[in-house]
């Protein structure tokens, strides 16, 4: 089993980074859609605010209006990705948390650092992933390759939620007992402009301090995946790949 996370920024250029000939019935694709969210928000005049968590990871503040844009944008990305795969003879099946694949609980508060102070945000529609519907995914795998949009569903509040695509990929990999987790991004991990081709797990912390933003988040998910049974994690960009094992 292999789980492939496709970053929203690379969906339009998948033919340059994804070897579709290697896809088989034991693969699951998860995708994000930040590029699509930003583009749709601009067209609709919806302000998207980006904040930084106390751990240093940037995130999008998800108001109810932003949530509506988020869901619509990710479903558009999902359609494009599924169409790309089907045009190449792959039986791709578009799904999301709204189909019951990814269940989450809405966060009661979100912490962010503003002007050097930690503040609490209580009107956010982001979630903590609670479970992956393994039975449903196994049924999808019988007929094709599931392509999961990173939208979760909160059954208690009956609302969709914004969840991080890298975290969705991690949870799917663990739930499905995947041997490999692959992140497709616009860039591999760089230090001083050079691609880091391999990160031994025993030296992980040394490399982590050079990472920032989305790459730091990917590396953190990579370590959790390896510690939870995944054998290999690959961060693959247009400029090369970083293997973590």
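Backbone N, Cα and C define each Cβ position, glycine as well.
Database features, via Swiss-Prot:
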type	residues	note
SITE	5	site 'Transition state stabilizer'
BINDING	60, 162	substrate binding site
SITE	218	site 'Transition state stabilizer'
Nearest of the recorded positions (60, 162, 218) to residue 5 (site 'Transition state stabilizer'), judged by Cα-Cα distance: 218
Residue 218 (site 'Transition state stabilizer') and residue 60 (substrate binding site), Cα-Cα, nearest whole angstrom: 16
Count of other CB atoms lying within 10 Å of the CB belonging to residue 5 (site 'Transition state stabilizer'): 27
Residue 162 (substrate binding site) to residue 218 (site 'Transition state stabilizer') - Cα separation in whole Å: 17
Cβ-based isolation winner (fewest other Cβ atoms within 10 Å) among the recorded positions 60, 218: 60
Where residue 5 (site 'Transition state stabilizer') falls in three-state DSSP terms: strand
Cβ neighbour count (within 10 Å, all chains shown) around residue 162 (substrate binding site): 24
Three-state secondary structure, residue 218 (site 'Transition state stabilizer') (per DSSP): helix
DSSP state at residue 60 (substrate binding site), helix/strand/coil: strand
